[in-house]
Each structure stands twice: as C-alpha cells, then as structure tokens.
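Features as listed in Swiss-Prot:
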type	residues	note
BINDING	74, 76, 78	Mg(2+) binding site
BINDING	75, 91, 98	Zn(2+) binding site
C-alpha cells in the first residue's frame, strides 16, 4: 500500500482510530513518517509515543492490537483516520474506547480488562 501523505521528518500528525465495522471512535494518537511506514508495512497500527519519544506498536504490551483495514486522510493532509479491527480494548485504562466518559465525568463506557493485570504495574 502506498501513501499519498508525506509527513515531514520530525513532525507528528493526529491519527484517529475508529472501529471499521461500527464507526466507534476508539482513540486519538500521533503518527510520524516512521510510524506510518511501519503501519503500511505490517498492517498493524503503529504510533509515535510523545511521552516516551519512540515508535509504539499498538498492543505491544497488552496484546490489544489494531489491525488496519483502511486509512483515510483529511482534506488538508494533516490528519489521518485509521479504520481498524480492534483486538480487546483500545484504552490503556481498560476501556474499549478512550472516549468512555462525559465532560462532567460520568462513565459511559464499559471496562473490558483490568489494566493492573495486563500491564503488571
């Protein structure tokens, strides 16, 4: 798969992960040229960790991978949408989606795994 998006070296762009069947928004992360190349090469979502400053394969610690089905680019070519098959939860807090609570703090998602067990904190 070729990419029409060229991400300049050192630049990060937002990458939204969305369930390819339901349309549910799962998470927002950032991607650079290295992560995009690895995603295209493997078919598994890779992102750039801003906090760790390194490439990160989604699910490398938890097993909760994102199998990429389609990649869309926005009109300005400065954000991408990954349509994925989510294995397990997308959120490191144990929820299927990182968008599991309302602005006033009400929980609207369901926790599907215990992060303390998965990440052995």
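Cβ atoms here come from the backbone N, Cα and C positions, even for glycine.
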Mg(2+) site shell beyond 74, 76, 78, criterion: Cβ within 8 Å of Cβ centroid: 13, 73, 75, 77, 79
Spatial separation of residue 74 (Mg(2+) binding site) from residue 98 (Zn(2+) binding site) - C-alpha basis, Å: 21
Which of 75, 91, 98, all binding-site residues, has a Cβ with the fewest other Cβ atoms inside 10 Å: 75
Sparsest-packed of the listed binding-site residues (74, 76, 78) - C-beta count within 10 angstroms: 76
